Amino acid sequence: MEVERVQAIASLSHSNGTIPAEFIRPEKEQPASTTYHGPAPEIPTIDLDDPVQDRLVRSIAEASREWGIFQVTNHGIPSDLICKLQAVGKEFFELPQEEKEVYSRPADAKDVQGYGTKLQKEVEGKKSWVDHLFHRVWPPSSINYRFWPKNPPSYRAVNEEYAKYMREVVDKLFTYLSLGLGVEGGVLKEAAGGDDIEYMLKINYYPPCPRPDLALGVVAHTDLSALTVLVPNEVPGLQVFKDDRWIDAKYIPNALVIHIGDQIEILSNGKYKAVLHRTTVNKDKTRMSWPVFLEPPADTVVGPLPQLVDDENPPKYKAKKFKDYSYCKLNKLPQ
């Protein structure tokens, strides 16, 4: 089956100034009518190199309770490596279409890895204005290089180096999030899969859209991961639902955007909140982002941490295998 990519649709749409009907959101979702433009609080920005650990733990815990999202600076990933990550990803999406299709996700695949466009339509038959590439970058046992682009030639080395630095940042985040719950530093990481946690990289490619007022790059959702660590490009688009309204996330060069995902919300028994977010698109510019989803291995059972549950704080979530949670979420079934 030949799948039409959004990149190709965008080229056609650009010439006639319209977009196909399946990309036009219902009015209650359209960015033009639902984005809040008044004075709004900003997503917290946290210096990960703060020498006062108590203050750092407090800031991260507060942001995770109140927002479910924060940006981190001074995280230790070299800015030139982030630039390279962005450059090789952009180069891949600028390759001829037939070269990209070599990496396309097999139609019968149970896994999300590969190049693609969201195949399943949403509940109302709508589509998102985005193409993507998924592949795992860690641990080595989970990597399938069949889905790693061979062009540009530096793609593999850059992504492997990025994964190496990313692991250090992730370990710090898990430690501070654990301490913020009043449990020992290693608890959350261990409960989410320990050293077997899978790092799933996704590159989102949102081409210019002639009607950004009507379309969305990604519909409102929470991430099914434990944590998501995201690098955006300079084109704004990430929006967060806070205080009953959609507000724009500010772009901070070289910062990492950290999303609390569903699994951390479950492990924390609701103390930390998975962030509801969506992506808007731009009329003239291509937006791209590089989230890494930190996911428990498929058979890991995730439920509220026993240290956080007692008679006064009963469990708010069922414990279940991550693969079962994912299946329910992706198929829009109740948990």
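Cβ from N, Cα, C; glycine included.
Among the features that Swiss-Prot reports, Fe cation binding site is placed at HIS221, ASP223, HIS277, with the record citing sequence analysis. The annotation domain 'Fe2OG dioxygenase' is assigned in Swiss-Prot to 196-296.
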Counts by DSSP class (helix H/G/I, strand E/B, coil) across the domain 'Fe2OG dioxygenase' (196-296): 7 helix, 45 strand, 49 coil
Average pLDDT across the domain 'Fe2OG dioxygenase' (196-296), rounded to a whole number: 97
Proximal but sequence-remote residues of the same chain as ASP223 (Fe cation binding site) (Cβ under 8 Å, at least 6 apart): HIS259, GLY261, ASP262, ALA274, VAL275, PRO291, PHE293
Cβ neighbours within the same chain of HIS277 (Fe cation binding site) - under 8 Å, at least six residues apart: ILE69, ALA220, HIS221, THR222, LEU238, GLN239, VAL240, PHE241, HIS259
C-beta crowding around HIS221 (Fe cation binding site), within 10 angstroms: 14
